[in-house]
Amino acid sequence: MTNTRKTHPLIKIINHSFIDLPTPSNISTWWNFGSLLGLCLAIQILTGLFLAMHYTSDTMTAFSSVTHICRDVNYGWLIRYTHANGASMFFICLFLHVGRGMYYGSYTYFETWNIGVILLLVVMATAFMGYVLPWGQMSFWGATVITNLLSAIPYIGMTLVEWIWGGFSVDKATLTRFFAFHFILPFIITALVMVHLLFLHETGSNNPSGLISDSDKIPFHPYYTIKDILGALLLILILMILVLFSPDLLGDPDNYTPANPLSTPPHIKPEWYFLFAYAILRSIPNKLGGVLALIFSILILMLFPLLHLSKQRSMMFRPLSQCMFWILVADLITLTWIGGQPVEYPYIIIGQLASILYFTIILLILPTVSLIENKLLKW
């Protein structure tokens, strides 16, 4: 008799996705981040659900309700800090996952890649709205500054901003709708993840060599389930060290001051994972130009399949492209640092140079270097 897992309509889907899935035999630890992102999403949804049970989305009580969670709810501090630092772990895994895709040419899976970019945008939107909820100083001013960027859109800009605010400034209506969206979006993310996996399983996974691996596949279970469990344990270990020893390491002290529309903090800055985009936004003096650069800094990822001019898929055997890739990584780290610095000399010029370099490497240098490598290999 055939095994139930292979015949049952529901279990069959799980079987084909996580058990009997044919997987390349040579995928490295860089392929662990997909499952780690799934784990992060599960942690965020669970901790978020328990936080939502005690949180109130009203300007008068939001800050107090978060304090109440930390002080009076059983293990509320643990849930709150796991949720806050879980977001940081989520973004670390996201950046490494995207970087892996760029390095090994996974973007040639067109649909999977584009859905991944959409996922990145939705996760960024969710994280931004979550940061507004504690209603501290940085929450309020962050929301004001970022939503105000939409006013750069010609003609309809200001109307659009006031429509999003639900009034003439960031207030109760804004907080309530942000909470509603912050609650619903993770479930939309989960649905998108399923579509992401659906398209991935149409083609099968890429591998470090970038070569077709149909002739050498192994079952996902037990080989990669055990590998994923190791990754998961390491992720939980790092997250717990962060939560239990220095929960506020990545946060902003200003957010422990209740929101006050009458006093602006000296330096308004978003969470660390948005700083690279924030630096690009600030490096252009023109408001609309800055907003366009900000949007394009993420959407540029969608151009990767079109900018791939190399005859090889992966960068594994392309030393020149590897050099440019790591310069790009260093550039992004520089942008992240600049995003957290005040707007003054020499930070302004460093930010502008790093922003120019970011777009130049992706749009010009990487494709050119690919063509040079083709020539060197007489392809």
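In case you wondered, yes, glycine gets a Cβ from its N, Cα and C as well.
Sequence annotations record features per position, and here Swiss-Prot assigns heme b b562 binding site to H83, H182 based on similarity to another entry. Under the heading heme b b566 binding site, Swiss-Prot lists H97, H196. For H201, the entry in Swiss-Prot reads ubiquinone binding site, with the evidence type similarity to another entry. Taken from Swiss-Prot, the feature transmembrane segment covers 33-53, 77-98, 113-133, 178-198, 226-246, 288-308, 320-340, 347-367.
Where Swiss-Prot records a feature, it is marked here on the structure.
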{"residue": "H83", "record": "heme b b562 binding site", "Cβ contacts under 8 Å, 6 or more apart": "Q44, T47, G48, L51"}
{"residue": "H97", "record": "heme b b566 binding site", "Cβ contacts under 8 Å, 6 or more apart": "F33, G34, L37, G116"}
{"residue": "H182", "record": "heme b b562 binding site", "Cβ contacts under 8 Å, 6 or more apart": "G48, T126, M129, G130, L133"}
{"residue": "H196", "record": "heme b b566 binding site", "Cβ contacts under 8 Å, 6 or more apart": "T112, I115, G116, L119"}
{"residue": "H201", "record": "ubiquinone binding site", "Cβ contacts under 8 Å, 6 or more apart": "H16, S17, L21"}
Top Cβ-contact partner of the transmembrane segment (226-246) among 77-98, 288-308, 347-367 (pairs under 8 Å): 77-98
Range from 77-98, 113-133, 320-340, 347-367 with the greatest count of C-beta pairs under 8 A to the transmembrane segment (178-198): 113-133
Long-range Cβ neighbours of the transmembrane segment (320-340) (under 8 Å; 6 or more residues past either end): 99, 102-103, 269-270, 272, 274-280, 282, 310, 347, 350-351, 354-355, 357-358, 361-362, 365-366, 369-370, 372-373
